[in-house]
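Visitor: Please read through the structure below; I'll follow up with questions.
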Amino acid sequence: MIALGVNIDHVATVRQARGTTYPSPVEAALVAEVAGADAITLHLREDRRHIQENDVVILRDRLKTRMNLESAVTEEMIAFACRIKPHDICLVPERREELTTEGGLDVIRHFQQVSVACKRLAEAGIRVSLFVDAQAGQIDAAVEAGAPVIELHTGRYADAATPEMQQVELETIRTMAAYAFGRGLQVNAGHGLHYENTVQIAAIPELSELNIGHAIVARALFVGFAEAVREMKALLQQARA
């Protein structure tokens with residue numbers, strides 16, 4: 001069965017919009033676990049636009065599933081992760097002006113920096129994932145860097161302008177998921193997935209986990225957070241039925 005990682009970033013986005021103490025991303029994470037989430041994903045950005053350090057610290061001791069911490073490959077963030085010791089860390093690219101992560105980590109270009117980070121995190125007992133575009137070269141670089149897991153960036157698929165273009169992107173993800181799996185990696189995927197486009201991705205047999213957040217938070221406005229998680233979990237189960 002494919003796992004569902006629920007990203008709680010945008011619960012924190014609502015909180016930070018007014019500088020209040022609510023809604024609590026910690027509470028959202030605990031509700032998501034009860035509703036069937038297999039992991040909780042959260043991105044501690046350098047600009048701290050949503051998730052804050054204290055959210056990570058509190059959740060680390062309260063989660064019953066797994067914490068998947070997303071972070072940039074910086075000394076500050078790697079040191080923080082080594083101190084907190086999440087179950088998993090997904091290294092992502094980051095630009096302050098972006099609305100959300102816009103593409104995969106260029107492991108080829110930043111190979112030395114990524115390799116050092118992978119080694120350091122692994123020595124701290126943290127499983128490392130690299131968020132990469134669905135390209136063989138990036139997958140090969142991830143293997144060489146020592147990452148046991150990759151997360152394929154599904155943004156181009158999610159943002160495709162036509163059904164035909166989306167199908168092309170889907171085939172690319174299918175091909176690269178199989179390629180990465182064949183190279184011995186655990187293969188996850190995420191970015192831009194929602195209730196209308198997730199089943200096709202979840203049906204790819206080599207994928208182990210999907211990380212989904214914005215769509216679940218948006219759906220929760222109308223049906224509640226627990227039900228939004230349950231509905232997404234049902235779609236993943238449907239895809240593997």
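Keep in mind that glycine also has a Cβ here, set from the backbone N, Cα and C atoms.
Dumping what Swiss-Prot says about this protein:
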BINDING   N7, R18, G192, G213, H214  3-amino-2-oxopropyl phosphate binding site
BINDING   D9, H10, R45, H50, T100  1-deoxy-D-xylulose 5-phosphate binding site
ACT_SITE  H43  active site, proton acceptor
ACT_SITE  E70  active site, proton acceptor
SITE      E151  site 'Transition state stabilizer'
ACT_SITE  H191  active site, proton donor
Visitor: Among residues N7, R18, G192, G213, H214 annotated as binding 3-amino-2-oxopropyl phosphate, what is the maximum Cα-Cα distance? Answer in Å.
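Guide: Taking every pair among N7, R18, G192, G213, H214, the longest Cα gap is 25 Å.
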Visitor: Among the recorded positions N7, D9, H191, whose Cα is within 10 A of the Cα of H43 (active site, proton acceptor)?
Guide: N7, D9
Visitor: By a simple count, how many Cβ atoms lie within 10 Å of the Cβ of H50 (1-deoxy-D-xylulose 5-phosphate binding site), its own Cβ left out?
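Guide: I count 21 other Cβ atoms within 10 Å of it.
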Visitor: Checking the contact step here: among the recorded positions D9, R45, H50, E70, E151, H191, which have a Cα within 10 Å of the Cα of G213 (3-amino-2-oxopropyl phosphate binding site)?
Guide: D9, H191
Visitor: Using H10 (1-deoxy-D-xylulose 5-phosphate binding site) as the reference point, find which of the recorded positions R18, E151, H191, G192, H214 has the shortest Cα-to-Cα distance to it.
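Guide: Its closest listed neighbour, by Cα, is H214.
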Visitor: Rounded to the nearest Å, what's the C-alpha distance separating R45 (1-deoxy-D-xylulose 5-phosphate binding site) and E151 (site 'Transition state stabilizer')? Just drop the number here, would you?
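Guide: So the alpha carbons of R45 (1-deoxy-D-xylulose 5-phosphate binding site) and E151 (site 'Transition state stabilizer') sit roughly 18 Å from each other.
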